[in-house]
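Take a look at the structure set out below.
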Amino acid sequence: MAPFPSHPIPLLFLLLSFLPLLSLSAVDQPYKTYIVRIDSQSKPSIFPTHYHWYTTEFTDAPQILHTYDTVFHGFSATLTPDHAATLSQHPSVLAVFEDKRQQLHTTRSPQFLGLRNQRGLWSDSDYGSDVIIGVLDTGIWPERRSFSDVNLGAIPARWKGICEVGERFSARNCNKKLIGARFFIKGHEAASGSMGPITPINETVEFKSPRDADGHGTHTASTAAGRHVFGASMEGYAAGIAKGVAPKARLAVYKVCWKNAGCFDSDILAAFDAAVKDGVDVISISIGGGDGISAPYYLDPIAIGAYGAASRGVFVSSSAGNDGPNLMSVTNLAPWIVTVGAGTIDRNFPAEVVLGNGKRLSGVSLYAGLPLSGKMYPLVYPGKSGVLSSSLCMENSLDPNMVKGKIVVCDRGSSARVAKGLVVKKAGGVGMILANGMSNGEGLVGDAHLIPTCALGSDEGDTVKAYVSATSNPVATIAFKGTVIGIKPAPVVASFSGRGPNGLTPEILKPDLIAPGVNILAAWTDAVGPTGLDSDTRKTEFNILSGTSMACPHVSGAAALLKSAHPDWSPAAIRSAMMTTANTFNNLNQPMTDEATGNVSSSYDLGAGHLNLDRAMDPGLVYDITNNDYVNFLCGIGYGPRVIQVITRSPVSCLEKKPLPENLNYPSIAALLPSSAKGATSKAFIRTVTNVGQPDAVYRFTIQAPKGVTVTVKPPKLVFTEAVKKQSFIVTITANTRNLMLDDSGAVFGSISWSDGKHVVRSPILVTQIDPL
């Protein structure tokens, strides 16, 4: 990564400071929302508060949307580009960046984490009842049984949050389970006012309050911390007891995302600020950028807000994004954030397409309406015409004369899967076969379709299309098989799950780990039906969704349980416990595979592995990280002191000798070897582990060396006593880059494990080549 200049000129996103300031008069200029980072220590003493200073020296009070004083110092305001450029020259201003929009990363899973009812964390103890999880999402539907406070003790005395009232949301909607609720809309309103291309909030379908009109926030909150609910199902699918990972943890919701409108950085930052001030212990944020492009950490409000939280001891769990299986598609890359990918669970919702030639093709569906009862219907593939919109069953692309009374084959992509079914229904079709293309491979997710539908992987999809084109009167039917448990293999890495390498700082492996994220049953809003389509009038207490959005709250709930059991552990120690104990084998006791390819998955797919909570409770050793370590990391990647202060709030200084970013005490090791080197190249990594198990312990290492790589470790054993809690070791990785045979992802993978006979503390190792800039 190119070093960023450390001179004192503040950063201005889009380099507005270099625009000629005469190009537009202020009258002609559109207003935009900017986030302004202030050096809070330079406030003149004449002003009683920062707000007085901001409204006197920087802008008028009506322009200010949010002021930030906890995870970040500064304000967001609607300004002209000229005004923003002028502000960026002010000596007290560290950075000015434009507000941007982020997107949501859209009952058996707790058991599948290794949690069983009678033992470990799942006992009837009060585990988690002293821990508060803050969920930044689309709000909550508070009446759901998942948020009941029956038999919960008093709210933790340290809680400082509020229950903000608004449309269809009163103080009575909070209780001893849902202890706080707020909403943040000013950034969105500014973007959708006279100033922007964003559509204003549609108040006929959205609530100006913490109430959830979308469903996503209710689903993630109940996944993390929903109470036990008997008789749960989604229209009969996944019937049983629903429960979150930490059923007794308290919830505080921060609504930052609005129906069909995304989530604005200025509002997200305000929610981080409020959540940390309110006293949450864990923040769960299933939000991020798409398309695999990540802003540098000093321009990324999720990274900035998360640093402010983590530096105060708050664990931040985020989703890895749903742009897999493409390489470098993982988002939320900062090393102080826990980045969670998605895996399948051992439950599925099979459906079957039966063709007129007798072939049976396996797929999935959550269709719960009247079945086709074995009746054969004519089959049509509109994509035969070569018109892309027809093959994708886009709005108004289907000819009713062609599809009426038929089952229609639609290609996946470009529009919502459930929306395609609506298009088919409107054109008179009786059913739909949803066919994956190459990019989705064999990765399938269930949907609560409005018409009889079966989703098929790309191979089976090709079989259907070949049958249609080779047969004069093709016919088919669809059979629905309900809920099946005990599926093997599982977990499998979901094809959509965001993949490494880390596109900003490849020295840090991302994602960190995976958790259940496919076909997850959790609570749902009453504002929309299970498809989320406006025309879907069904009401359901629970819904089944897939996405890294669903995986992230599993880790948030797990963090709450670990924090409850180990109150003195830092966020980095909790992450380390999860990563070093994660599973890399599936329920067939074979290495986990990738849904997209069927091949064995690598650390770019699953990070350290799949969350295993029972083992994370007692990890033996942890890799801890201090705030100072993160500052050294930021110095190491070439950020100067002023740039770093945008993230850290307090002024920092970098050492004369630049620290190596790969020496951040992370529970994984990524060796970037120069591809231009002649002969063998070596790189040494220093790591320090803290003993959190029995005081007298001796750990010895085992190495699984990446193919073609030599790994040496010094010392050969780590001895811990009452007095000696920490030990350091050096891992040296040597390879000849000329003959290194890298796999399709451009890397080779292995691991180092330390064991005392009871615990196994495993860290992934990856080796790749990089061209030095």
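Counting begins at 1 with the first residue displayed.
For all residues, glycine too, the Cβ spot is worked out from N, Cα and C.
Packing around Asp137 (active site, charge relay system) is summarised by its Cβ count: 29 other Cβ atoms lie within 10 angstroms of its Cβ, all protein chains included. Marked as active site, charge relay system by TrEMBL: Asp137 (among others).
TrEMBL lists His216 (among others) with the feature active site, charge relay system. Same-chain residues at least 6 positions away in sequence with a Cβ under 8 Å from that of His216 (active site, charge relay system) are, in sequence order, Leu104, Thr106, Asp137, Thr138, Cys257, Ser286, Leu545, Ser549.
Marked as active site, charge relay system by TrEMBL: Ser549 (among others). Ser549 (active site, charge relay system): 31 other CB atoms within 10 A of its CB, across all protein chains.
Summarising the annotation, TrEMBL assigns domain 'Inhibitor I9' to 33-105. When pLDDT values are averaged over the domain 'Inhibitor I9' (33-105), the model yields 94.
The domain 'Peptidase S8/S53' feature in TrEMBL is assigned to 128-598.
Helix, strand and coil counts from DSSP across the domain 'PA' (377-462) read 27 helix, 20 strand, 39 coil. The feature domain 'PA' is assigned by TrEMBL to 377-462.
Residues annotated as domain 'Subtilisin-like protease fibronectin type-III' in TrEMBL: 663-767. Assigned with DSSP, the residues of the domain 'Subtilisin-like protease fibronectin type-III' (663-767) fall into helix, strand and coil as follows: 1 helix, 63 strand, 41 coil.
Marked as signal peptide by TrEMBL: 1-25.
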